[in-house]
Amino acid sequence: MINKTGQSAKNIMSEHANALNIAKSILISYLITIPVFAIFAYILILTDFPQKYISTFVIITTLLSVVIAGWSSTKYIKSKGWLNGGIVGFFYMLVLFLLSSSSYGDFSINIHVITMFIIGTLTGSIGGILGINLRKEPRVGKIKNF
C-alpha cells in the first residue's frame, strides 16, 4: 500500500520504529548518566576530590553514555549506524543543553556549547558504527540447512 507521498506502509512503520528506538536510546543514556552523576556527587560530599578533575569526569561519563546510546540505537537496523548514532548524540546534547541552560537561566550558545554538540554527535556516530559492526548475529541472514 502506498500513501499520497509515495511511501509504502512498511517504510512509514520502519521510520516510526526507528524514531522510537532513537528515543529509547536517549532514555537509556540518561538512565546511565543520572545515577553515575548522583554517585559521583555523593563521593564529592564524602571526600576531598580535586576540583580540577570534576569536569573531566563529567565529560567522560557523558561521552560513554552517548557511545552506549549510539550503540543501542542500532539494535534493529542493518545499516547507517553512524547516522542513527549521530542523531542520538545530537539529541542527547540538545536535552543536556536545555536542562543545564534552564537551571542556569542562560541559553546563550558559545564555542563550548558548539564543541560539545559536535563531540556528542561524533561520539554517538562512533557508537552507532560499533553497534552495526560488532554484532554477534550475521547481518545478511541465517543460513538455511538443506
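Note: Cβ is positioned from N, Cα and C throughout, glycine not excepted.
No curator has checked TrEMBL annotations; they are predicted automatically.
TrEMBL lists 21-47 (among others) with the feature transmembrane segment.
The transmembrane segment annotation in TrEMBL covers 53-74 (among others).
Packing against the transmembrane segment (81-99) from elsewhere in the chain are residues 18, 21-22, 25-26, 29-30, 62, 65-66, 69-71, 73-74, 113, 116-117, 120-133: each is 6 or more residues past its ends and has a CB under 8 Å from a CB in it. Under the heading transmembrane segment, TrEMBL lists 81-99 (among others).
Sequence-distant contacts of the transmembrane segment (111-134) (same chain, at least 6 residues past either end, Cβ-Cβ under 8 Å): 62-63, 66-75, 77-90, 92-94, 96-97. Among the features that TrEMBL reports, transmembrane segment is placed at 111-134 (among others).
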